[in-house]
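As written in TrEMBL, here are the features:
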- SER124: active site (ACT_SITE)
- SER124: active site, nucleophile (ACT_SITE)
- HIS149: active site (ACT_SITE)
- 114-135: transmembrane segment (TRANSMEM)
Amino acid sequence: MLVSQSGNYPISNLSRININSQLSSPNNIVPMVVEQSGMGERAFDIYSRLLRERIIFLGTPIDDAVANSIVAQLLFLDAEDSEKDIQLYINSPGGSVYAGMAIYDTIQQIRPDVVTICFGLAASMGAFLLTAGTAGKRMSLPDSRIMIHQPLGGAQGQAIDIEIQAREILYVKAKLNQLLSQHTGQPLERIEADTERDFFMSAEEAKNYGLIDQVISRQNLPTAGENVTILK
């Protein structure tokens, strides 16, 4: 988790891992896909093309702009077809708790099942969103890493301002722990203990913990546009 260097510190849930900044923005290099039809050729950026297949990528730290984009895509796909699964691929070190909760609440409110798939790293709020997918449809590639921990925040200024921020971060911490317990099936006491510090897991360990339901391989990778069978 990272802390802002000045002003009132926003509550964040970000991995301390050194992530290459060149990977943090999909706009650095965006492949284009050209399709031919009777109307001629049309060019799409790869993310727009995948959106047509009901695939959304979360491949950056989570901030308000990223959350707004993910939420908009989820709402669009919900309006387009309320019965087909949405696949959310996650490779994220985490980020703003408030931005992440906007994505979380949208996942819970829309009608389609949301299949969450970890590739690379799902840490902090990234791991929280991974486990927020539809029960039985939360997955990870075999060599991914998953990490949970408590949120971080801070404040400066008058004593009352610091007290207000302290109360807020304690509320957020308790809320996240409660939801993690709900989605994983782990006792709240264990969640509270495990999130006191960075708690790393392999894909198989995350499955045993209840964060995900399946470690996927090439043979059982979800097919775009098809609904995934819920694992019991």
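Cβ atoms here come from the backbone N, Cα and C positions, even for glycine.
Curation plays no part in TrEMBL annotations; they are all automatic predictions.
There are 33 other Cβ atoms within 10 Å of the Cβ belonging to SER124 (active site). If you measure from the Cα atom of HIS149 (active site) to that of SER124 (active site), you get 6 Å.
All protein chains considered, the CB of HIS149 (active site) has 22 other CB atoms within 10 Å. A coil conformation is recorded for SER124 (active site) in the three-state DSSP classification, outside any helix or strand.
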